[in-house]
């Protein structure tokens, strides 16, 4: 009986994908957890190319469309105006994007659940107004006001989450109500003057104006980032090898580290050509690294992805669905508040137009343009960085060309639509390739 | 020969369950031993699903007793059943499409190291588990969405094995599967038996039942209608127990077709 034969071979079954089999007969008898139909990646550079081609055909584009789009945007604006890729302009773009980018990080969390938060614009405005009133009118220390504003944002988000998760109201409607309510709250808090000027030398003011002027700061950060990346990948691979599960070859790690090094040091060089490394960008990157870690490496992040995949499966697996939902909306509110503080810092005031206009749409568009799925379960917080880079680059490029606001809206809309269309088409391709 | 222990892992004694005016189960008896596959069969509405849900703790029983390893226990919540060592694989598999095989196997009981997911250890254990069960899937790192129906079923069953349960309940594991995939799942059921697990298999498919089960427990209108040794029982006997009569639609059809065959051969 064949069953006996297979069970007799269990003990000595090879465990690696890349195991080279010399005796085909023994291979047929041995049972591995790996299907023989699996395409094993070829080694070396050729392997990357064939893997890349296969992924493109299967519709696994990942961040490729947005990176290509960003490159095209840069080339077009650079041709139109050689100022576009100047150190000053790029530095300004990467500082301006932080406010919207932070809000977009929160949106990525909510989109991962397959939900939407329409209140983030108003919540960001309300938080900045709260911080301004507490520091300027009430005389609180700025750091306390900042903490209170962020905590208030998280509490507001948790409140929205409560209505959605516990009472079962659709998130769309709850946060739409939140959009109106917190807009009213902000106007009320700001009072009759409507504008509170912040101390541009204070903590909130410095958020977007402070730069590490020392040349060593930017290079130092680049060295630390590259070294940390290499060491963690290297040690991770060593652990995988020791445990006998497939691991990346060293050449792969070196290639990735090399790419990261090129990008990091180019950025550091560029910042040092202008005023130095901006504090805002460093804080944004730190939040991106932290949130990416939470989402992909912690049990909490796994729960968020699980809920985005199947609520019923998550519930049966013992995940506290209500708690995770409320916490995700709290995160969204918290990041909205953080983004609001950066936006207020940029204009050194809290005014009645904070959190209104195209802010909400830009934050959602950034997450989607970056590659986060609108249907839940797919996305990374780095998507927010890529998406917001695209949006703010377009704004700055059009400003250099002195193209008016109406055209800016239309072009941003075209980019968003293109992204969503690409997303839909790749989703179809992925379905036929069995990956969605 | 499969070794069967003297004390059943699970024994139901005179179990009854009512839903309002409906008497779903009446005085049902069932015994499952370690290393034994018991098929639970019956027509739609016979009470199979209700019986399984009482064992799994979804619906607590109204009357009767449940014995676990010879001792009376009460199962009033799904958690109680899990704590005893009962794993249930429901018909809708409850897997997350967007998460890879390793993530799904460990969903809700992730291994941690300093509060962080221990992916390496989870992957190693997943491969070990899948290898022991001779489950073949393209890779443990692809999302469930890229697996076929049969592969998903085997992943769902493998998932139930992670807690090393004593009793595994499979609710129609082959209902939606093709020939090859059905064979894979049946192989897997046999492997569970070899490893000494007790298995309750709910199935409508007599061929599957004959292929892997040791005993067949028939339910009819919420009551026991016989327990048969598979080896010594014909398919017709089981079917007549399910339908409740020797004269039933299946036998009439069989008689009709054989008589027409006879006429043709003349």
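Backbone N, Cα and C atoms are what each Cβ position is placed from, and that goes for glycine too.
Residues or ranges marked as transmembrane segment in TrEMBL: A:61-80 (among others).
If you look up TrEMBL, you'll see A:92-113 (among others) marked as transmembrane segment. For the transmembrane segment (A:92-113), same-chain residues at least 6 beyond its ends with a Cβ under 8 Å from one of its own Cβ atoms are 120-121, 124, 157, 171, 208, 278, 280-281, 283-284, 287-288, 291, 295, 304-305, 307-308, 325, 328-329, 331-336, 338-340, 342-343, 345-346, 359, 362-364, 366-368, 370, 372-374, 376-381, 383-385, 387-389, 391-393, 395-396.
Residues 99, 103, 106-107, 144-146, 148-150, 152-153, 156-157, 178-183, 185-186, 189-190, 196-199, 202, 204, 332-333, 335-337, 339-341, 343-344, 349-350, 354-356, 359-360, 363 of the same chain lie 6 or more positions beyond the ends of the transmembrane segment (A:120-137) yet place their CB under 8 Å from a CB of it. Under the heading transmembrane segment, TrEMBL lists A:120-137 (among others).
Per TrEMBL, the feature transmembrane segment maps to A:143-164 (among others). Residues 106, 115, 117, 119, 123-124, 126-128, 130-131, 134-135, 170-171, 174-175, 178, 182, 203-204, 325-338, 340-341 of the same chain lie 6 or more positions beyond the ends of the transmembrane segment (A:143-164) yet place their CB under 8 Å from a CB of it.
The transmembrane segment feature in TrEMBL is assigned to A:171-190 (among others). Nonlocal intrachain contacts for the transmembrane segment (A:171-190), taken as residues 6+ away from its ends with a CB within less than 8 angstroms of a stretch CB, comprise 110, 115-119, 121-123, 125-126, 129-130, 132-133, 156, 160, 163-164, 196, 329, 350-352, 354-356, 360.
Sequence-distant contacts of the transmembrane segment (A:210-232) (same chain, at least 6 residues past either end, Cβ-Cβ under 8 Å): 253, 256-257, 260-261, 264-265, 267-269, 271-272, 275-280, 282. The annotation transmembrane segment is assigned in TrEMBL to A:210-232 (among others).
Counting same-chain residues at least six beyond the ends of the transmembrane segment (A:253-271), those with a Cβ under 8 angstroms from any Cβ of the stretch are 87, 90-91, 211, 218-219, 221-222, 225-226, 229-230, 233-234, 237, 277-278. Feature annotation from TrEMBL assigns transmembrane segment to A:253-271 (among others).
Feature annotation from TrEMBL assigns transmembrane segment to A:277-295 (among others). Long-range Cβ contacts of the transmembrane segment (A:277-295) within its own chain (Cβ-Cβ under 8 Å, at least 6 residues beyond either end) map to 91, 94-95, 97-98, 101-102, 105, 108-109, 112, 206-208, 210-212, 217-218, 221, 268, 271, 301, 304-305, 335, 338, 342, 345, 380-382, 384-385.
Residues 95-96, 98-107, 109-110, 112-113, 115, 117, 119-121, 123-128, 131-132, 146, 149-158, 160-162, 164-166, 171, 198, 204-209, 280, 287, 300, 303-304, 307, 314, 354-355, 359, 363 of the same chain, all 6+ positions outside the transmembrane segment (A:323-347), place their C-beta atoms under 8 angstroms from a C-beta of that stretch. What TrEMBL lists as transmembrane segment is A:323-347 (among others).
Summarising the annotation, TrEMBL assigns transmembrane segment to A:359-375 (among others). Sequence-distant neighbours of the transmembrane segment (A:359-375) (same chain, 6+ residues past either end, Cβ-Cβ under 8 Å): 62-63, 65-66, 69, 100-101, 103-104, 107-108, 111-112, 114, 116, 118, 120-122, 124, 179, 339, 343, 382-388, 390-391, 412, 415-416, 419-420, 423.
A Cβ distance under 8 Å defines the sequence-distant neighbours of the transmembrane segment (A:382-400), meaning residues of its chain 6+ beyond its ends; these are 63, 66-67, 69-70, 73-74, 76-77, 80-81, 83-84, 89, 92-94, 96-97, 100-101, 104-105, 107-108, 284, 288, 292, 362, 365-372, 407-408, 411-412, 415. What TrEMBL lists as transmembrane segment is A:382-400 (among others).
The transmembrane segment annotation in TrEMBL covers A:406-425 (among others).
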- Note on the structure: Long-range Cβ contacts under 8 Å made by the transmembrane segment (A:406-425), restricted to residues 6 or more beyond its ends, are 59, 61, 65-66, 69, 358, 362, 365, 368-369, 371, 373-374, 390-391, 394-395, 398
